[in-house]
Amino acid sequence: MIVTTTELFKHAYGKYAIGAYNINNLEQAVGLFRGNLGKVKKNDEPVNENLAAPFILQISRGARSYTDKRFLEAIIRAAEEVFPEAIFAVHLDHGTEEVCYDAIDSGFYSSVMIDASHEPFEKNVEITKRVVDYAHKKGVVVEAELGQLGGVEEDVAGSVCLTDPAQAAEFVRLTGCDSLAVAIGTSHGAYKFTGKQGVRLDRLAEIQKALPPGYPLVMHGASSVPKEWVDRINAAGGKLAQTSGVNEADYLKAAKLGVCKINIDTDGRLVWCAIYRESFRDKPEDFDPRTPGKVFMAAYAEYIIHKNQVLGSAGQLKEVRSLLTARV
Ligand SMILES: O=C(CO)COP(=O)(O)O
Ligand SMILES: O=C[C@H](O)COP(=O)(O)O
Ligand SMILES: [Zn+2]
Ligand SMILES: [Zn+2]
């Protein structure tokens, strides 16, 4: 069942965070749905309610244009039928104004992100407000961004510029956006922090205090970039040096400070890269695309289960399901 992020955030606020996972292809979709239902190897395994989690499926502009946006949509529609127990939001990640309108008009996305954070404050407000007004008329909710993450974010090269708490409150008031992505020291990709710096929970606490009670915040660039996966990639011929990620122990700390959505893309890519490299290394005679694909879907499902455990969303599906069905 596709729901809005608002419905998920209400349940999560202050207690745990919902995993927001980017996908680009069929194998990632299957692994993602399995993992969020506590299944690993087969689609028809029984749901494991102790592990099952509500989640957000994110589609970036790059994912939409990788093949054709209609392919991803068809895969997700099929997944809804194959995994009828899943409760998730379909979210456009880092949209421009034009792409937001396209996603809203499609009737498929329950949530969009307008990212005008590279614009000056007033322009960011102006663009975000237009998207919010358009989206709300069609029942779609909007995530916006204020402040800039470090590193490269699609075609926006940002330098770390933490979100100002007072500006955040003003931004939310002026735009009416439903959730806000804040810059608290993280960046996209596998090379996040230099030295000992980490997530700026102190700044996050100030932002939470400045906003209305219960207002949902979003953490981008939240992959933990696990050493285990980086080492496996390198042992299978990869060349990733000096990687660094978010400490997984910070996820729940951030959730207690109002972060309801935690964005993870890079970690899924690392799992993908390690599994495919190992498969090609260990089975050089095999050229069947399903050989690494099968291993990847199971490994990705297991990884999603792990992530949901550290986010605190594992095991929450049952309660979310009963709340949503009681409401109907
Ligand atoms: O923020 C993200 C997508 O919007 C993903 O962040 P990572 O690169 O840390 O996975
Ligand atoms: O914000 C960046 C996300 O990780 C999406 O990345 P992508 O644009 O390469 O799909
Ligand atoms: Zn941004
Ligand atoms: Zn992001």
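One-based numbering along the chain as shown.
Cβ from N, Cα, C; glycine included.
Values in this document were obtained by computation on a predicted structure and should not be read as measured data.
Taken verbatim from TrEMBL:
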ACT_SITE  D93  active site, proton donor
BINDING   H94, H188, H220  Zn(2+) 1 binding site
BINDING   D115, E145  Zn(2+) 2 binding site
BINDING   G189, G221, A222, S223, N263, I264, D265, T266  dihydroxyacetone phosphate binding site
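Location within the structure of each feature annotated in TrEMBL.
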residue: D93; record: active site, proton donor; contacts (Cβ under 8 Å, 6+ apart): A20, N22, Q58, I59, S60, R61, A63, M113, N263
residue: A222; record: dihydroxyacetone phosphate binding site; contacts (Cβ under 8 Å, 6+ apart): T186, V246, Y251, I262, N263, I264
residue: D265; record: dihydroxyacetone phosphate binding site; contacts (Cβ under 8 Å, 6+ apart): Y21, N22, Q58, S60, H188, S223
residue: T266; record: dihydroxyacetone phosphate binding site; contacts (Cβ under 8 Å, 6+ apart): H188, G189, A190, S223, V225, G245
Cα-Cα, H94 (Zn(2+) 1 binding site) versus D115 (Zn(2+) 2 binding site), nearest Å, comes out at 5
For T266 (dihydroxyacetone phosphate binding site), name the DSSP secondary structure in the helix/strand/coil scheme.
helix
I need the CA-to-CA distance for D115 (Zn(2+) 2 binding site) versus H220 (Zn(2+) 1 binding site), whole Å please.
12
For H94 (Zn(2+) 1 binding site): DSSP state (helix, strand, coil)
strand
Cβ neighbour count (10 Å, all chains) around N263 (dihydroxyacetone phosphate binding site) is 26
Expected list for ligand 1 (Cβ under 6 angstroms, binding-site residues E145, A222, I264, D265) reads A222, I264, D265
What's the CA to CA span in angstrom from H220 (Zn(2+) 1 binding site) over to E145 (Zn(2+) 2 binding site)?
10
Just counting, how many other CB atoms are there within 10 A of the CB of H188 (Zn(2+) 1 binding site)?
22
With DSSP assignments reduced to helix, strand and coil, which class does E145 (Zn(2+) 2 binding site) get?
strand
Counting every protein chain present, what is the number of Cβ atoms, excluding its own, within 10 Å of the Cβ of H94 (Zn(2+) 1 binding site)?
25
Rounded Cα distance, in Å, between E145 (Zn(2+) 2 binding site) and G221 (dihydroxyacetone phosphate binding site) is 13
